Amino acid sequence: MLNGRSEAIVIVTAIFLALSLVTVGLRCFVRARVVRAFGLDDWTMVAAMILNIFFASFGIAGACYGMGQKTEYFRARPDHFRLAALYWWLGQIFYVITCVVAKVSIIISLLRITINRIHIAILYTVMALTIAIGLLFFFFAIFECNPTDYFWNRLTKTGKCLDTDILITIAYVYSAVAAVTDFTIGFLPVFIIWSLRMNAQTKIAIAGFWAWDVLQAPR
């Protein structure tokens with residue numbers, strides 16, 4: 001039976017997965033059946049949603065095997081450690097891929113509605129940064145340990161992993177770049193929408209819907 005942090009992981013993951021599924025599902029319905037303009041940004045968001053399902057599944061599976069529990073839990077259940085660590089490893093890989101694909105989808109959407117060269121340059125820069133830092137984190141996650149499976153088999157195999165200080169530095173760099181790109185993607189639409197030829201009420205409504213779409217994007 002789940003308890004403590006493991007239970008919290010399952011509940012929070014399930015709630016946000018459900019919200020993402022509903023949001024992306026509604027987006028696809030509107031784009032495909034109402035406005036009939038299902039584009040590259042929509043296909044990219046669908047791909048991000050599929051990746052997000054895998055990410056959430058690994059998180060829930062890991063929690064079922066003790067992810068989030070204290071060391072004492074695994075001392076009594078050493079067989080659970082291997083699976084919890086494996087699902088953690090898979091989860092972090094799918095997490096970064098999901099974030100990258102979701103952000104690319106949002107950027108493609110913004111590129112469709114802006115003609116301002118500065119805005120376009122900013123969006124392509126953010127896309128390049130997102131992909132670059134995503135690839136960096138992706139490869140570090142895969143090759144964090146040598147051999148790779150030592151990450152989840154460290155109780156039964158010999159090997160080594162990157163120094164903790166290196167991992168912390170990588171995490172800080174990734175978080176800093178992600179924060180900058182998220183901030184840009186979140187606020188740039190306000191300037192893009194405000195430059196469109198429509199009344200203020202419509203602009204505010206569109207900005208609100210866009211902000212909701214960004215917040216509920218798989219991540």
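Backbone N, Cα and C define each Cβ position, glycine as well.
Summarising the annotation, TrEMBL assigns transmembrane segment to 6-30, 42-68, 88-110, 122-143, 172-194. Positions annotated as domain 'Rhodopsin' by TrEMBL: 26-209.
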Is the transmembrane segment (42-68) close to the transmembrane segment (172-194), in the sense of at least 3 CB pairs under 8 angstroms with a sequence gap of 6 or more? no
Whole-number mean of pLDDT values that fall within the domain 'Rhodopsin' (26-209): 87
So what's near the transmembrane segment (122-143) in sequence-distant terms, Cβ-Cβ under 8 Å and 6+ beyond its ends? 89, 92-93, 96-97, 99-100, 103-104, 107, 110-111, 114, 162, 167, 170, 173-174, 177-178, 180-181, 184-185, 188
